[in-house]
Amino acid sequence: MIYPVILCAGVGKRMKSVFPKVMHCVLDKPMLWWVLRSFRGLIDNEPIVVVGKNKDLISQYFAGEKINYVVQSEPLGTAHALLCAYKSLKSFSEEDYFLVMPGDMPLIKQETIKNLCKMSEQNNDITFITCKVDDPKGYGRILRDKDNNFLRIVEEKDAKSDELNIKEVNVGIYLIKIALLKLLYNIENNNAQGEYYLTDLLELALKMGYKIGTMEIFDQKEVLGVNSQKDLLEAQNEAKRTIIDVHLDNGVQIFDINSTWIGPEVCISSGAKIMPASVIYGKSKIGSSTIGPFSNVENSTIGDNCNVIYSVIRNSTIGNSVNIGPFSHIREETVVHDNIRIGNFVELKKTEIRNNSKVSHLSYLGDTSVGSNVNVGAGTITCNYDGFDKHRTTIEDDVFVGSDSILVAPVKLSKGSMVAAGSVITRDVPEDSLGIGRASQVNKAGWVKIFRSTKAKKKDD
Amino acid sequence: MIYPVILCAGVGKRMKSVFPKVMHCVLDKPMLWWVLRSFRGLIDNEPIVVVGKNKDLISQYFAGEKINYVVQSEPLGTAHALLCAYKSLKSFSEEDYFLVMPGDMPLIKQETIKNLCKMSEQNNDITFITCKVDDPKGYGRILRDKDNNFLRIVEEKDAKSDELNIKEVNVGIYLIKIALLKLLYNIENNNAQGEYYLTDLLELALKMGYKIGTMEIFDQKEVLGVNSQKDLLEAQNEAKRTIIDVHLDNGVQIFDINSTWIGPEVCISSGAKIMPASVIYGKSKIGSSTIGPFSNVENSTIGDNCNVIYSVIRNSTIGNSVNIGPFSHIREETVVHDNIRIGNFVELKKTEIRNNSKVSHLSYLGDTSVGSNVNVGAGTITCNYDGFDKHRTTIEDDVFVGSDSILVAPVKLSKGSMVAAGSVITRDVPEDSLGIGRASQVNKAGWVKIFRSTKAKKKDD
Amino acid sequence: MIYPVILCAGVGKRMKSVFPKVMHCVLDKPMLWWVLRSFRGLIDNEPIVVVGKNKDLISQYFAGEKINYVVQSEPLGTAHALLCAYKSLKSFSEEDYFLVMPGDMPLIKQETIKNLCKMSEQNNDITFITCKVDDPKGYGRILRDKDNNFLRIVEEKDAKSDELNIKEVNVGIYLIKIALLKLLYNIENNNAQGEYYLTDLLELALKMGYKIGTMEIFDQKEVLGVNSQKDLLEAQNEAKRTIIDVHLDNGVQIFDINSTWIGPEVCISSGAKIMPASVIYGKSKIGSSTIGPFSNVENSTIGDNCNVIYSVIRNSTIGNSVNIGPFSHIREETVVHDNIRIGNFVELKKTEIRNNSKVSHLSYLGDTSVGSNVNVGAGTITCNYDGFDKHRTTIEDDVFVGSDSILVAPVKLSKGSMVAAGSVITRDVPEDSLGIGRASQVNKAGWVKIFRSTKAKKKDD
């Protein structure tokens, strides 16, 4: 049995942000999300997330996920954090393991965690991950004997000059038998920071003859710990590139790597074209369609053969053969069926549109049902809100809504009806009827001449 | 006489796309377009394009261009493809040449093809292009004697380990005397794939004592064969960069290479400024104007001293000193003359606007003629479509269209006339007259208090 | 006393632009701006800017800044330009200095100029900056003796082959005692171009036994002289990167370096998030808010906790907790207070909006004051312009403006009033009253059937 423990209480001073460090996003997900993902499916036990003052922001974001939050009320170091986690365990076996991970290592791969978990079969008391890194500064160096067996970790402050040159370091991911955790009580904090360090546990365990193993990994990017905004940017680029490579390999055409952002939960069909400056985030699913340029799709499903340009689509479902944009905004709970045109400067909210309909220009449809073969003219606006309540508008099949019409909800335009351009529609329009509500035109001959001369006169005064 | 033959029947499995490989775009043009361009102006003969099942999509795109499509109904290899092309020739001389090129080599330069064509003067039976490449994997290696004379090509599968290290390869572009093509009948397909390979023709010709020459080129990017989405991306970046360099050298200021895409048919004047995130495609012609940021111009002409920001312009003509955007959409067959402002959230379609006019906000003009010195107020909409037919709107010189007016076409606003704000105009407005069609305002004193208390009561219930 | 002299009269042929070279922008500022900035705060004397035919464009841009423009009417070389500057001095001491700088070196650092100015204490007659550069082509090489003392500058055309290999060059920035400037009269122009070169002054001074010193700097990017559009692009990228690094270090999260442009005068608070494709220029000040993706902020202040997506904001002030976009355009002199929603397709101009109000969709408010707790419905348009004058609209607290209303200014909606959807409001609406100005709806039963059959008949004809 393995219990994941994620250390997230660190303040992250070098981020220079009031925001909790592990909640900084890599693509559309906080770093902690990426760490949690690294053992999803591998370990069933509820992860223990050790938090500090930042608990609320974290638990709010992950609401709905099974997480055991343990609060480390004072920042007394990683060993103290682990002790908090240990104390919170209600029932466990001494032969169970803690998988200890930092919350700021978003690029760690599932494969790596899988391999580390397998190490529990070797029955080490502690196994930890090492990696050769270009710049070992700040890390504990791994000392090995001439047969390459692990001897011990030497912390930077204690290292001799030749030891400082060692590139293999302790990256901070451990698999620890729970039996050992009571040793945490014996760790001291007589150091400059007055903190309890988890690395001291290793030293103690080693002295006491426990069996300690290492697992070396070879891609140093994986264990990039994010401590500054620059680190975060590096993690971002790396995560982004990895995801894009997968989509390219799947037959998605991506026109520009630099200006394409695809989140880790997005699915894209082969044959899709992702044009420059596209952001696709959340649980989006894209069929064999063209997205972009300059589009943003979030938590939405888009079918095949669609075009989405210069538009924003969120929390909505788009069918097949739908043309959207430029400059459209499709908001929450909108469903657009097949063979539909959503034109420029159009906003849809909680609206369903059935096949072969058009909303081509400068319109706002909110809380509306639109049937099939409907033409919604330019400048049509639903008044779904009276200052107190929201009401629905229903537009049945084969309706023609003239331009610049105002539909004051609740209202229904029945099958085959028409609305004359510029009408304010406050009552239902029956089947095949024309609803008209506008004043008649009058031409005032010569009026403009007088108006102009009056204005000109005023200017002269 | 040289006949170009482009081999496009390949399935391109590694693209993982249902789309024909040669129709994948580099910038705004399919790869095949780039290959065809490489001998445009050099060779007058109609090119032979060998296609497979993908014929329709290809011939549709190139409709209007003189191309002799030859269908290779089964994918039996490059030699078989060439045989299909050979059989399709109606009249030719044995001394004529085939210029054989793959359809997936979009970066090949015209200069290179020109030089190869000149080789026909040397009277080789076959001349083919070689290039030293960093990664020769998969290519036939070029064996030479100690005087550097071409000996033969060795295919990868037959190569000894030292031969595998040879970097000079056969890139797949050949100039072949037609007399030799009957040898294609002698080629066998006793290989793993059961295909007939064009490289076997070289071996056969060599054995039979024909004269075979090579032409080495030195820029390996030029002969990048696109086999995967990653290759395509590489070709894209390369093509893009080459085009941008030309514009920079011409005195165009480009603020950001990464987010600028300029198609191969675009002309830009010196003194133009291309701001970040601009896409300029098709046969566009840009004067000394500022395009972008975030603009998309396609098949359009833009004069001098214009600004186009956050806007999309397609198939239209813009004069001088025109300010467009942010957030404008100028659609097909629109002509905008000089000294004009097209403001935010404005759509123009099949509309002509003469000098010194303004359409500044939230308007849709379709099928409209606008004179000079016209002010089209915010929210003006032309109702050009009655559900059955499209009609034209005419706005003559010096007209003032009040805000939120609806112009129900066919309708004419004569010279110097005005439309009162909020009017629905269904009949022509004569010269210097005011057209007004709106209800008078009534104020219902205290009405809101009652409304509010009713609403509040309901909520309480 | 130090007088800065900036040489800007050069034609800059290789830019291939009609535009003066020093007015080409790096980010949002002309190159000359960057050069002037390099001694801002260090030197109080009015800088002398030597201009040519380009004077007007330059002096127009820098209107309001104290600059002494000296016109070099013919391009007779750098020594002649300096002579023009010298002649223009009205009163000075022979012990004063000229700080001579080229106008096309935008990356030069203030630190460097500070250090150079300190050299005046060493009492050299001339001190000039040198730097080792990768490609010394075109520069004068620095010859030194075996003790590394400066001997002389050798111009490229006079250099022997081993001298050509010298990497240390004269970058063109000099601190010259004014006493020496009369030597400028002795310089000759017997060279191919017939120009008077400033480097000849050094040679002359050296011959005459004046004391000449060098100050070597070590970052060659700093002295990149911009001579072509490619150089400009390089300077652009370098300036951009330097600025972004500062913001990252300050705790600003920047999601993408490539598509983020931040001007040199922009302030951003820690905790801000700058999303991809953002342009922030001018004297903008951004609080702990999220800007982008795809936003453009110019000369504007944005408070904390705001979101600005797909929007353009210029010359405006935004408070706290304001959501803007997608697709909004906030223009000059607009003030938006706290807790406000500016929705999609909304344009604001010279408009003030007080707390807790909403302008959510498809509206244009110009010259308008909006109180607090106001709801401006979709499609609301202020008619602020009657073709001659602009008028103001006033909307007091707690007003509800129904959708698609037209407010014909000057007009006032008093506290707690409402406007019925689709009304044209031409007169003030009193407190708690409903203003309504729209025609009643009529339904014409069966009308559509007749319309359709008529239309169908016509088509048959």
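Placement of Cβ uses the backbone N, Cα and C atoms for every residue, glycine included.
Predicted automatically and left uncurated, TrEMBL annotations should be read as such.
Taken from TrEMBL, the feature active site, proton acceptor covers B:His361. Annotation source TrEMBL lists UDP-N-acetyl-alpha-D-glucosamine binding site at B:Lys21, B:Gln72, B:Gly77, B:Thr78, B:Gly140, B:Glu155, B:Asn170, B:Asn227, B:Arg331, B:Lys349, B:Tyr364, B:Asn375. The feature Mg(2+) binding site is assigned by TrEMBL to B:Asp104, B:Asn227. Look at TrEMBL and you will find B:Ala378, B:Asn384, B:Tyr385, B:Ser403, B:Ala421, B:Arg438 tagged as acetyl-CoA binding site. According to TrEMBL, the domain 'MobA-like NTP transferase' annotation covers B:5-130. TrEMBL lists B:1-229 with the feature region 'Pyrophosphorylase'. Look at TrEMBL and you will find B:230-250 tagged as region 'Linker'. Marked as region 'N-acetyltransferase' by TrEMBL: B:251-461.
Feature map: annotations from TrEMBL on the structure.
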| residue | record | DSSP (3 states) |
| --- | --- | --- |
| B:Lys21 | UDP-N-acetyl-alpha-D-glucosamine binding site | helix |
| B:Asp104 | Mg(2+) binding site | coil |
| B:Gly140 | UDP-N-acetyl-alpha-D-glucosamine binding site | coil |
| B:Asn170 | UDP-N-acetyl-alpha-D-glucosamine binding site | strand |
| B:Tyr364 | UDP-N-acetyl-alpha-D-glucosamine binding site | strand |
| B:Ala378 | acetyl-CoA binding site | coil |
| B:Asn384 | acetyl-CoA binding site | coil |
| B:Ser403 | acetyl-CoA binding site | coil |
| B:Ala421 | acetyl-CoA binding site | coil |
| B:Arg438 | acetyl-CoA binding site | coil |
Task: Listed binding-site residues among B:Asn227, B:Tyr385, B:Ser403, B:Ala421, B:Arg438 whose Cα sits within 10 Å of B:Tyr364 (UDP-N-acetyl-alpha-D-glucosamine binding site) - done: none
Task: Minimum Cα separation from B:Lys21 (UDP-N-acetyl-alpha-D-glucosamine binding site), reported as the residue among recorded positions B:His361, B:Ala378, B:Tyr385 that achieves it - done: B:Tyr385
Task: Per DSSP, three-state class assigned to B:Asn227 (Mg(2+) binding site) - done: coil
TODO: Just name the winner among B:Asn170, B:Ser403 (the binding-site residues) by count of other CB atoms within 10 A of its CB.
DONE: B:Ser403
TODO: Write out the long-range same-chain contacts of B:Tyr385 (acetyl-CoA binding site), meaning residues 6 or more apart in sequence whose Cβ is under 8 Å from its Cβ.
DONE: B:Gly366, B:His391
TODO: Consider each pair of residues in B:Lys21, B:Gln72, B:Gly77, B:Thr78, B:Gly140, B:Glu155, B:Asn170, B:Asn227, B:Arg331, B:Lys349, B:Tyr364, B:Asn375, all listed by the record as binding UDP-N-acetyl-alpha-D-glucosamine, and report the largest Cα separation in Å as a whole number.
DONE: 72
- [ ] Would you list the binding-site residues among B:Ala378, B:Tyr385, B:Ala421 that come within less than 8 Å, Cβ to Cβ, of chain C, in the order they occur in the sequence, writing 'none' if nothing qualifies?
- [x] B:Ala378, B:Ala421
Task: Rounded Cα-Cα span from B:Asp104 (Mg(2+) binding site) to B:Gly77 (UDP-N-acetyl-alpha-D-glucosamine binding site), Å - done: 15
- [ ] Count up the helix, strand and coil residues in the domain 'MobA-like NTP transferase' (B:5-130) according to DSSP, in that order.
- [x] 44 helix, 26 strand, 56 coil
TODO: Go through the binding-site residues B:Lys21, B:Asn227, B:Tyr364, B:Ala378, B:Arg438 for me and flag any whose C-beta is under 8 angstroms from a C-beta on chain A.
DONE: B:Tyr364, B:Arg438
- [ ] Return the residue, from the listed binding-site residues B:Asn227, B:Asn384, with the maximum count of other C-beta atoms within 10 angstroms of its C-beta.
- [x] B:Asn384
Open item on the list: Across the region 'N-acetyltransferase' (B:251-461), what does the mean pLDDT come to, as a whole number?
Closed with: 95
Open item on the list: Give me the CA-CA distance between the residue listed as 'active site, proton acceptor' and B:Asn384 (acetyl-CoA binding site), in Å, as a whole number.
Closed with: 19
Task: Neighbourhood of B:Ala421 (acetyl-CoA binding site), C-beta criterion under 8 angstroms, separation at least six - done: B:Gly377, B:Gly402, B:Ser403, B:Asp404, B:Ser405, B:Arg438
Task: B:Arg331 (UDP-N-acetyl-alpha-D-glucosamine binding site) versus binding-site residues B:Asn227, B:Ala378, B:Asn384 - nearest by Cα - done: B:Asn384
Open item on the list: Roughly how many Å lie between the Cα atoms of B:Ala378 (acetyl-CoA binding site) and B:Asp104 (Mg(2+) binding site), rounded to a whole value?
Closed with: 50
- [ ] With a 10 Å radius around each C-beta, find which of these recorded positions (B:Lys21, B:Arg331, B:His361, B:Arg438) has the fewest other C-beta atoms nearby.
- [x] B:Arg331
- [ ] May I ask which of the binding-site residues B:Asp104, B:Gly140, B:Asn170, B:Asn227 is closest to B:Asn384 (acetyl-CoA binding site) if we compare their C-alpha atoms?
- [x] B:Asp104
TODO: Enter the number of other CB atoms within 10 angstroms of the CB of B:Asp104 (Mg(2+) binding site).
DONE: 26
Open item on the list: Rounded to a whole angstrom, what is the C-alpha distance between B:Asp104 (Mg(2+) binding site) and B:Asn170 (UDP-N-acetyl-alpha-D-glucosamine binding site)?
Closed with: 15
Task: Most crowded position, judged by CB atoms within 10 A, among B:Gly140, B:Tyr364 as binding-site residues - done: B:Tyr364
